[in-house]
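K.L.:
Below, the features straight out of TrEMBL:
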| type | residues | note |
| --- | --- | --- |
| ACT_SITE | A:Glu144 | active site, proton donor |
| ACT_SITE | A:Glu315 | active site, nucleophile |
| BINDING | A:Arg105, A:Asn143, A:Trp323 | substrate binding site |
| BINDING | A:Cys109 | Zn(2+) binding site |
| DOMAIN | A:8-392 | domain 'Glycoside hydrolase family 42 N-terminal' |
| DOMAIN | A:401-588 | domain 'Beta-galactosidase trimerisation' |
Amino acid sequence: MKPALGVCYYPEHWPEEIWAEDAARMVEAGLTWVRIGEFAWSRLEAQPGQFTFDWLDRAIETLGTAGLKVVLGTPTATPPRWMVEKHPDMLAVDAEGRPRKFGSRRHYCFSHLGYREESVRIARILGERYGRNPHVQAWQIDNEYACHDTTVSYSAAAIAGFRNWLAQKYQSPDALNRAWGNVFWSMEYADFSEIDPPALTVTEPNPSHVMDWRRYSSDQVVAYNRVQAQALRPLTDAPLIHNYMGRVLEFDHFDTGADLDIASWDSYPIGFLSDRLEDTAEHKRRFLRQGDPDMQAFHHDLYRAVGRGRWWVMEQQPGPVNWAPHNPAPLPGMARLWAWEAIAHGAEAVCYFRWRQAPFAQEQMHAGLLRPDSAPAPALAEAAQVAREIEEMPDVTPAQARVAILFDYPSSWAWETQPQGADFDYFRLVTEVYRGLRRLGVNVDILPLAGADLSAYKLVLGPGLFTLPDALRAALATHSGLAILGPRTGTRTPNFAIPVPLPPALPGLDTTIALTESLPNGAEEPLEAGGCIGRWLERLEGSAEVVERTTAGQPVLVRSGGLHYLAGWPDPEAMVRILRSACAEAGVATTDLPDGLRIRDTATHRFYINYAPEPLNHDGVTVPAAGVTWTPFR
Amino acid sequence: MKPALGVCYYPEHWPEEIWAEDAARMVEAGLTWVRIGEFAWSRLEAQPGQFTFDWLDRAIETLGTAGLKVVLGTPTATPPRWMVEKHPDMLAVDAEGRPRKFGSRRHYCFSHLGYREESVRIARILGERYGRNPHVQAWQIDNEYACHDTTVSYSAAAIAGFRNWLAQKYQSPDALNRAWGNVFWSMEYADFSEIDPPALTVTEPNPSHVMDWRRYSSDQVVAYNRVQAQALRPLTDAPLIHNYMGRVLEFDHFDTGADLDIASWDSYPIGFLSDRLEDTAEHKRRFLRQGDPDMQAFHHDLYRAVGRGRWWVMEQQPGPVNWAPHNPAPLPGMARLWAWEAIAHGAEAVCYFRWRQAPFAQEQMHAGLLRPDSAPAPALAEAAQVAREIEEMPDVTPAQARVAILFDYPSSWAWETQPQGADFDYFRLVTEVYRGLRRLGVNVDILPLAGADLSAYKLVLGPGLFTLPDALRAALATHSGLAILGPRTGTRTPNFAIPVPLPPALPGLDTTIALTESLPNGAEEPLEAGGCIGRWLERLEGSAEVVERTTAGQPVLVRSGGLHYLAGWPDPEAMVRILRSACAEAGVATTDLPDGLRIRDTATHRFYINYAPEPLNHDGVTVPAAGVTWTPFR
Amino acid sequence: MKPALGVCYYPEHWPEEIWAEDAARMVEAGLTWVRIGEFAWSRLEAQPGQFTFDWLDRAIETLGTAGLKVVLGTPTATPPRWMVEKHPDMLAVDAEGRPRKFGSRRHYCFSHLGYREESVRIARILGERYGRNPHVQAWQIDNEYACHDTTVSYSAAAIAGFRNWLAQKYQSPDALNRAWGNVFWSMEYADFSEIDPPALTVTEPNPSHVMDWRRYSSDQVVAYNRVQAQALRPLTDAPLIHNYMGRVLEFDHFDTGADLDIASWDSYPIGFLSDRLEDTAEHKRRFLRQGDPDMQAFHHDLYRAVGRGRWWVMEQQPGPVNWAPHNPAPLPGMARLWAWEAIAHGAEAVCYFRWRQAPFAQEQMHAGLLRPDSAPAPALAEAAQVAREIEEMPDVTPAQARVAILFDYPSSWAWETQPQGADFDYFRLVTEVYRGLRRLGVNVDILPLAGADLSAYKLVLGPGLFTLPDALRAALATHSGLAILGPRTGTRTPNFAIPVPLPPALPGLDTTIALTESLPNGAEEPLEAGGCIGRWLERLEGSAEVVERTTAGQPVLVRSGGLHYLAGWPDPEAMVRILRSACAEAGVATTDLPDGLRIRDTATHRFYINYAPEPLNHDGVTVPAAGVTWTPFR
């Protein structure tokens, strides 16, 4: 199947007179998909029950007859003002107990059953009207769950829901008290109605309490998404999609993904570099107008897993955005490069956000493919180039990766709850492993813990996993390839207690974490083989074979057969060395790539992707600055 | 007219026995004005309607018979405790909805009509009693509007007032929805009563919403000031004054100024350097005990504009203050230098704050002309020296400046609402232009946008203007001198939308901002002619003549005839070069001043003002450290 | 008397089956004391009035018969959930008016009389049951007062209490208005009921208001502690103890100490280094796994004063903790070193916290003497070694120090209220003086201001004292030794006003603070004799003999006879020089110690304590890294 390009469009923002010309220009640029409707509730239902669909009918007709396929969004991320009047208690409430006000978006609480019902209602009405419309070939449910920190709400609805959820889970207060260890500070409850969210306590609340609160909050996103999906299913055969975000881990995307057909995400490489990447000032300067060379690829691989193989980029940055601390423009070529990187990772579609820059409201400084005056913005020509190149090149067929990283949303919640070191961050740990593999030119699959099939992988990495489920423990015991778990992996029970016997307690691997240290900057422990361990260091005991040790002789990487445990957080040098060596032993080919150049292999092509601001050469292939090129694979 | 010196005095703080001696010492030091009364409400009206004026009668009599002219303040910045009891809802409310408590000052909400009436009442009562008193020769209304971030309040009174203000402005919710672009995220309103202040939203509110809120809040200061002025007008012929502050832009001072006779401001050069100046650590160290060499001059020029030519320094720092992060003492000479700088800029009066350091309450660490034990503090002798020098020198006659900077308070609100780059600050941009001109020894006038008469100016600067009013656009089209607008100037409609055709759309100048970038530190773009552009860079299109470009060839300054557009934020080197070159072409003489030395020309004298801690020489004139000297002009 | 070791134990956390073995292992390790019970309220009284003492009876019996002495805690730091149901208004309230929630500890407000009564009730019930139990040989009241910033609460109970306290103190609103200087900003009150806590004011409240609020808050801790002590006194002859903390100054420990028999504190050297020590990055790296070389000693000396000679370490860090920004492990030897340092300072007991690491709840990452799996953690062997060494060595007899530092909790509140310079911190100032003396190998006593007997001391230091009580002023006038007061000492009246005549107004010393400066980093003033003054510099006038001056000639240290006034904050070089010189004159022997080595003299031994990570040599004695050694004294 050939990948496709698309764009996000807001007919309600523009005079109807220009819709047809807009559609024609989209088609001319080689775009196939057009996403619409996801913020239009106030234009569809201006007052409760008073619907106005004619404009949307005509917009879909105009776009469809021009040759475009429509992704229709349910508009539930932006409940209109009257909805807040109708359900005043639907507003999300922050940790300090303040209801959030109307006037932007995502102001609803996932736990509010009244709003959940309203969301089902509008989804059903849209499904009934457009579910069989031939131009509507996909649906997007809501928009960017969790955006603006909206997963967790402290509303009355959430508090009631949490108590009920706990009652279902534990059945008795005593069972909960035992599971949480509430004896610790006389925190024992006699009734579920006594339990509040873990906020505004004098000092830190019980981590078990927090973890259940985080699980509950994630479950509400899942439940909310599910009822909309269930409403649409009988009404359409088109696939259901949600557009996730970058570096958002507040709810379990694998859980929502299970109810949908396709995962998509909104990729803003330059905004993310400015806003949510820890790295050196030098790195940030070098990739200022390109974005980090690995963050897009990581999310592509992650959402491929969330979508069980089917995934899109629903929003692709086309130029400067409006929301990062600083908002530079992409280097010429980046709007093409990002699209190709997605395609090389298996994206079915890449949609640019947005068609025409809106001259009004919150995102007026967010670039589009057109300027506000309808003149082409720089990305339009690059999108058109990608469309032509897709047309001209033979199909891109995916290849099976041989290296996998186990990824787990609850682990992120756990270590946010208990960082123990101020700079211990699960996402950062995982992506530093991922970056190490990318620097070696290795394709990676991301795997969820539940039902992970390791059989295809010669090397499996499991950094920072909160718990190690029994099934996974068993799979590791029989896995024929290499596996490197740790640091911190399997160090807690699901109830957030330290297991006894002490972790990691891996099958056949005689190693025990006797003591754990978190270390500030400047207190790194150098390794015998070069590089160092910083931030996190576990002291191991046991007879396992030592692979790496500090210059002081402390074991840092131990193994038994293929199963390894890594007892610290390696710096980039040590990370790459450890990974290179493991790949070599596992029979996975590696290559040392220059800074900014990346490789992605499919079954048919090797893509060379150059994030650097200067041309780079590798394997005799020269790639221009901000350029992509490809060669037939092998 | 000779300038005069004065001092701020609090007879209610001291035993009546020492008033006469204090007055005699003031006169002996050459002081003419004495400001009193602005915080004394609880001593004038201890309980509602129970007045005690005898002490104030005697204080005015004592000061007046000693030869001093009194500035009498209305005490409305410090409503007494009983007022809060009487009007519990008069308290200012912060953005999180918390009423501010009694116990300091400025705790009232400008929107509260009940308190507004109480303020009129006390002003009228004072006016009736002292309006024709021969010793009361000026009035100060309230004290330091906006101090401690008090312009904007989220009280019930403010919410009601805002809705009414919006209804007056837009007449219908639909008109407001269209003006704000509320279709964007289904933010449309059906009734004005649905609209809240733009606070506590989940993510950023609509910038049009914020901008109207800021305008509304500024208008309440104006209305509050106006009713006090209207109360006093019939009762006195003395001029009405308000004492503004440094780097406070939360309300439109031109609007309040229109209702008053004289603008004054409170000048704390060393406090401002520590508390509210962005500059290098080296610069801050060099001017630690002198204050920044340009901040006082900028405010002098600004308040001369606000006062339509008539202005004072109402409070002049005499020694260490109590409120900055660090509070060093001025170098010997600075209390004289600051006064002369004000006089050279046309101040009618300079009043030191305060006469005797109070040993109690909030400002006990704020120096005065006397120590708490009544011994002279260092500034007393310097003030006396200034008084003698004023007596001895011929009158200082103002000169017409040939260079003007257009200044606009709403532009500050606009870019606070939408900085787009984390470090884009309107005040900083304007004052960096101002500093560039000061380093070249050029006199500058500040002009408001409304009714700006450009005819006297050979060079007009308009950096960072939110909108460009039609009248100003027309004036620029026919202006015979040079003008440099930008960056960001005229890039929004009054409704806070991007205009189409795209900005800047200047008369006769074919240049269009195709794209805008905000840039972090370290991502500066060097210019061909030296220096660089940082922080903000607009990509221009069009056929206009290019004056400056980046080393990559991107135009940064373009022109047609005398009209220029500057598409970025120059560093100091580039700023001075651009300004020097424009002055040369415009026929404005410039000179390159050593670091810390400044020149101010009047029609009769050239003042050399040395902020440096070492003597400096220029044009054969040597100025001691922290010294001022003057020569007959030309 | 020989010092003893002990441990903190939580029988309620563990199956009863292992209590006896735990007890046996404690005894085997040489431990004598075991503290229990201080968080167990919900296990003693699961519902109001329903008591369960059998498990505690058996625990005490088991521990006691094994040979251990029990410290029994009153469990009032952790009121159970039902208590909050019973007294909903007992919760502490923060400065923004938000009640703190149940779910951690210390959630009560000290002002709440209902909870105070409940605390007396449980203390009395425990006293009645265990007051004469032969195994219970000491009592701990509550746990870590003030921990998690809990001294000050803004509850309704606190507001009512504060008004009553003010009425008692001032008798009339007019007297309060005069004392506070409320005329300043019309802040005058007509009734005590009008006075709120000094929070949420628009700008800073009156410092006199804040100071009384701080005194009131401290007094509530004292009152709360006193009623528990009074409840226990008739029921037991065992000593009453509280366990204080490090760098906690929010209440007056001398006042609580007066009602108790022994002071104890909780010593976490590595956590404190990470969490609450201002020092260079280099210093923090060097002592990362040892803790600062002086902070423990300072608190030992402080709590010896609070306990009027009798003091313990109630909690001694045994390994990594869970609560600091980073949590490294101690170097081998530190768990011994810390114990010996305490013993050398006169501790009667050192108890490690805790016996076995809890695998659940908030402190699961806090190390113990045992790991969660009951295997020995590294500190167990070190504790056992200390126990053996105590056994083997002759008794350690205290020596009388010849140098004293005057220490005053209200001074900390005062300068927090009015820092005047952003980095002026009373604790830091005092401990920098202390560190200077420690670097010179000098024993120090800490003295409270009230009733301080100076006669034993050849040198008395009084840095940063808010007020100088008359009795102390008189004692200094007749003191035969040297005294160095300042900076900032005696610069306020008890009402928080500047006294006239101006400070310091010391007996026989003609020096007056004419002006005060706070200085930012980089603005230090070098001294003629080397080193410099930073942060704080007072300008002195008068005829006193000048001992130290800046290179600009400004006096910084002046004297008359033995009485000195220090007018600034010396850097380490100047501090040590000034102290060395004063000691020399006073006849106190000094020695220059290498970085990290410290000396503590008793009447019988000189202890050499090496905090450095490498061996150090002094006086021919070599001390291993993280080692302690001792020689017979003189």
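Residue 1 is the first one shown; counting continues down the chain.
Glycine is treated like the rest: Cβ placed from N, Cα and C.
Here the structure is a predicted model, which means the values were calculated and not measured.
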K.L.:
Can you tell me how far the Cα of A:Trp323 (substrate binding site) sits from the Cα of the residue listed as 'active site, proton donor', in Å?
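P.N.:
Per the Cα atoms, A:Trp323 (substrate binding site) and the residue listed as 'active site, proton donor' stand 15 Å apart.
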K.L.:
Express in Å, rounded to the nearest integer, the largest CA to CA distance found among the substrate-binding residues A:Arg105, A:Asn143, A:Trp323 named in the record.
P.N.:
17
K.L.:
Provide the three-state secondary structure of A:Glu144 (active site, proton donor) computed with DSSP.
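P.N.:
DSSP assigns A:Glu144 (active site, proton donor) to coil.
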K.L.:
Taking every protein chain shown into account, which of the active-site residues A:Glu144, A:Glu315 has the largest tally of Cβ atoms within 10 Å of its Cβ?
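P.N.:
It comes out as A:Glu315.
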K.L.:
Which number gives the other C-beta atoms within 10 angstroms of the C-beta of A:Arg105 (substrate binding site), all protein chains shown included?
P.N.:
24
K.L.:
To what whole number does the mean pLDDT across the domain 'Beta-galactosidase trimerisation' (A:401-588) round?
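P.N.:
That stretch averages a pLDDT of 98.
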K.L.:
What is the interatomic distance between the Cα atoms of the residue listed as 'active site, nucleophile' and A:Arg105 (substrate binding site), given in whole Å?
P.N.:
18
K.L.:
Below 8 Å between Cβ atoms and chain B: which of A:Arg105, A:Cys109, A:Asn143, A:Glu144, A:Glu315 make it? I'm asking about the recorded positions.
P.N.:
A:Arg105
K.L.:
Return the single residue from the binding-site residues list (A:Cys109, A:Asn143, A:Trp323) that has the minimum number of other CB atoms within 10 Å.
P.N.:
A:Trp323
K.L.:
In whole Å, note down how far the CA of the residue listed as 'active site, proton donor' lies from the CA of A:Cys109 (Zn(2+) binding site).
P.N.:
14
K.L.:
What whole-number Å value do you get for the CA-CA distance of A:Glu144 (active site, proton donor) and A:Arg105 (substrate binding site)?
P.N.:
11
K.L.:
On the three-state reduction of DSSP, what should I expect for A:Glu315 (active site, nucleophile)?
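P.N.:
DSSP assigns A:Glu315 (active site, nucleophile) to strand.
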